[in-house]
């Protein structure tokens, strides 16, 4: 009895210690006291519960869950349901946590809070939204703001991942978290400018909130703002401002935030900007997407997008085996998804295996008819790249849901025209027009297709078929003058009498006259032709106009310039217009010593004037000096002042001689 009393006294002292440590938040010291209590009584339910709580507070979730599972007889689900579910949630065993919550006999407020978190992680957003609405409606405590924040996060997730138009919850955006979630919802709707304004407001609120705490440094504020700045950079990227986005992304990475999910998303977005450029940077960034715990921080679609980009990066870096491995893994995870197959086909095309790529796409289209349209468009593109335009047209025409679309009709007609298959092109028009006649007879596209078909037929000589289309158009709108004019023009080539009959339906010129100020139009900016105002005729001009009619004004001829060495006493050479080689007196170039000596010799040697004087040559006729003589005559006749005279025997360089000859030859007579 005394031992039992001593044990009870010791236990009471230990419980007092546990209580004091719990109030002070010293859970490690409390755990020591609890272990001593359990040595006294190993099945003490309260002690076991307290031990689990202390381990959870210290972050030892695995050990806490182990104690719960080893003492199932004592710690029943009714007693420890919340702690067990919370440990499973923190250990990322989300499905187990959901089962634990659902199996609890009593749904406490704590379990409901945890239930909302579990549903969010499982991406069951509709159920999650209902759970948080119920919590906000039926609870009043200091955690109301946190619940509203979680509710807005659910709405943002629905808008982003499920493309659901969010309903207005009437939440006052008093905190930066609420403002941030509202911006995410706007991004999901594509309202990027509004989202950017919300994010700027969230940044201001965040700075105000954190600056009130004196212990918070500027670095702490920047770390908290990292997720807001990351979302701003994403909006810039969506708007095409890739340089600004890249700069902001790199600034966030330099801060080294502890959120591995944020780093993974930013690294992935940088890789998408780099594409097939700057692959070394992309290889560095892809390591951030492989960090531990990333899979628990991001949604399934985010993780899937990262894996797609890894496969594309492997393709861009010529890692064919790695690309095939990643794309095959993605296809096994999501058999109905298009991207893995398209990546595999692109890799095959890079390896020049176009036929194999087309076969792969065809197999996928057969297995998944719902996605066949996009796959067939890719197949057609590959066929065009191979030069098989007709086969590409056949593939495109097999896409029934797109046959009547104006874009498809235009593409097919262009391709058939390129192949000079006019009948097939007209058949494409006919099928599209028939579809609209059955489903949308009054659609503007229907009438537009008929007009385009008529124009195409006229262009390629199918006049009767074109007339049929134009008559149909005119019946639809008898007041359409443009269609009537086209119809008359077409009939004039086939049946002129019919054209005359139809021309009576054209409105008169009076009714069609347009009130146009011609002068204002001609004087307007950009007018290519301006009518000159007629000059007033006066006096003699009027008489000339009346007597002689129109007389063209004669242009004055300018007097031709005579050469400087022109001598009026000398008869000009009649052959002066002929090239020197074609003149009757041309004897060819002289060969001999005299020619070899011209312009040659040592520096300072002289050349006699008789050697360069062309007037002394025997071949020149007495009445007509040779063109080369003009320079010599001109030089001899001009008296040079003493200051400009050269000393006797000064050498005449070859360059000077050539200049004089050119000057004389210019006006040779």
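Just so you know, glycine gets a Cβ as well, placed from its N, Cα and C.
Keep in mind that TrEMBL annotations are predicted by a computer and have not been checked by a curator.
As the structure is a computational prediction, the values presented were derived from the model and not from experiment.
Coiled coil is the annotation TrEMBL gives to one range among 94-149, 150-205, and that range is 94-149.
Shown for the compositional bias 'Basic and acidic residues' (564-585): DSSP residue counts in helix, strand and coil, namely 3 helix, 0 strand, 19 coil. Across the coiled coil (94-149), the model assigns an average pLDDT of 89. Per-class residue totals from DSSP over the repeat 'TPR' (226-259), listed helix then strand then coil: 26 helix, 0 strand, 8 coil.
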